[in-house]
Amino acid sequence: MKFIVKLYPEIMMKSKSVRMRFTKMLETNIRNVLKNVDEGAKVQRLYDRIIVQVPSDKPELCDVFADRLACIPGIAHVVQVSEYSFDSIDHIYQQALPKYRDEIAGKTFCVRVKRSGNHDFNSIDVERYVGGGLNQHTEALGVKLKDPDVTVNLEINQDKLYMVERRIQGLGGFPMATQEDVLSLISGGFDSGVSSFQFIKKGARTHYCFFNLGGAQHEIGVKQVAYHLWKKYGESHKVRFVSVPFEPVVEEILERIDNGQMGVVLKRVMMRAATRIADKYGIQALVTGESLGQVSSQTLTNLNVIDRSTDLLILRPLIAMDKQDIINQSRIIGTEDFAKSIPEYCGVISQKPTVKAVLSKVEAEELKFSEDLIDRVVASAVVMDIRDIEAEMNQQVTETETVKDVASGEIIIDVRAPEEEERSPLLIDNVMVKAIPFFKLATQFADLDKSKTYLLYCDRGVMSKLQALYLVEQGYTNVKVYRP
């Protein structure tokens with residue numbers, strides 16, 4: 001079984017040299033992602049497409065490959081195909097007949113062909129010949145060119161015939177690392193998750209900077225969001241997760257800064273701290289989830305004052321999006337339920353925030369602030385490769401027991417994503433297994449029977465351990481990690 005990866009149209013519009021560079025990078029990215037699924041995956045780059053070969057002895061990997069390819073930036077769509085050789089137009093029909101005979105029985109159909117290469121026929125010739133043959137020699141209701149029940153999709157490339165099994169919509173955008181790196185200021189809320197995704201999709205290697213205002217529980221929740229975004233959409237490249245202990249900064253702002261200016265000052269201090277981190281790693285821009293008028297600090301006047309705190313470019317991909325549109329996007333990318341369970345800390349420090357900050361007044365207030373405190377908190381920041389979150393979880397799950405056997409009365413919660421759980425459901429004799437995806441567990445766990453003990457399960461143990469840590473931080477003691 002093969003997949004034909006079609007490049008995003010914007011890539012095809014580039015000059016030859018740029019298109020070749022982008023295509024090479026996409027090929028490498030696909031290989032990096034799929035080798036984590038199976039080392040036997042083969043990836044071949046052609047002029048306008050990339051061919052992915054599923055190991056012939058592992059057809060069960062088709063669905064996994066399809067899921068991964070659908071989330072790699074730079075892909076317009078993917079078609080899963082069966083490959084055949086042919087020597088004539090009749091040979092094409094003879095191979096299509098047994099393939100589609102049962103599928104089109106009792107239904108209307110049409111044939112659509114895409115062809116490239118040198119042949120003594122064109123695409124329309126094939127559509128007519130194959131369509132006519134299927135119409136005469138099957139029990140189909142007939143040909144219907146508009147809105148048929150079944151569309152027979154064929155692709156021809158030189159002497160190869162590809163019968164399309166299914167079409168998978170791609171992510172679009174540009175291949176990862178075709179653009180410069182960015183540093184996303186992530187809080188775990190709706191906005192920062194979506195803004196991070198937007199730059200991953202656009203081909204920028206997106207690192208994460210987290211200003212910790214809420215302790216270990218807050219950090220665990222944000223790490224889940226960042227790890228999810230990286231694992232699902234950016235796994236081809238390693239990125240950094242930087243955690244900055246910002247409680248001392250908030251404490252000093254509360255003590256020294258005028259109440260109305262607190263929100264703007266906090267954002268300016270965050271930008272200066274993030275700039276220091278970005279400069280250290282050669283990152284050229286900051287990304288925030290700010291949206292015009294959403295909160296008091298996000299008026300044009302205040303955003304202008306915030307921008308004056310740094311010379312580094314600040315990018316705001318959500319600036320004109322409505323809140324509901326942002327929430328809808330977070331639902332699509334899988335961060336909505338994370339965001340629901342993570343409180344917004346920045347908004348609680350200013351009771352009467354200004355919406356028209358004056359730069360001179362803000363700068364005067366900042367004279368009360370210890371500038372070297374920024375250097376101290378940045379120096380104490382914890383920087384980690386996001387891939388090491390798994391190892392960190394293995395070390396930190398000390399308060400949560402890890403078990404390989406299920407005791408009487410214990411319930412397993414399968415926290416895998418729905419498509420993974422459906423593909424290979426966890427079935428254990430005489431044991432209740434509840435399927436609650438990891439991104440819903442934080443909001444649904446409180447509704448479960450508190451007298452029961454719950455064992456969290458996922459394939460690799462990363463999300464189950466993250467969720468266990470998060471629940472322990474919330475005060476739950478009836479949770480363990482299940483690693484059979």
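From the backbone N, Cα and C atoms, a Cβ is placed for every residue, glycine too.
Annotated features, as they stand in Swiss-Prot:
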ACT_SITE  Cys458  active site, cysteine persulfide intermediate
BINDING   Leu185, Ile186, Lys267, Gly289, Gln298  ATP binding site
DISULFID  Cys346-Cys458  disulfide bond
DOMAIN    63-167  domain 'THUMP'
DOMAIN    406-484  domain 'Rhodanese'
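Here the Cα atom of Gln298 (ATP binding site) is found 39 Å from that of Cys458 (active site, cysteine persulfide intermediate). Break the domain 'Rhodanese' (406-484) down by DSSP state and the numbers are 28 helix, 15 strand, 36 coil. In the predicted structure, the domain 'THUMP' (63-167) carries a mean pLDDT of 96.
Taking the recorded positions Leu185, Ile186, Cys458 in turn and counting surrounding C-beta atoms within 10 angstroms, the largest count is reached at Ile186. Binding-site extent for ATP: residues Leu185, Ile186, Lys267, Gly289, Gln298, maximum pairwise Cα distance 16 Å (rounded to the nearest whole number). Comparing C-alpha positions, Cys458 (active site, cysteine persulfide intermediate) sits nearest to Ile186 among the binding-site residues Leu185, Ile186, Lys267, Gly289.
All protein chains considered, the CB of Gly289 (ATP binding site) has 25 other CB atoms within 10 Å. The helix, strand and coil residue counts that DSSP assigns across the domain 'THUMP' (63-167) are 38 helix, 38 strand, 29 coil.
Following the DSSP three-state reduction, the secondary structure of Gly289 (ATP binding site) is coil. The number of other CB atoms found within 10 A of the CB of Gln298 (ATP binding site), across every protein chain shown, is 22. Cβ neighbours within 10 Å of Lys267 (ATP binding site), excluding its own Cβ and spanning all shown chains: 23.
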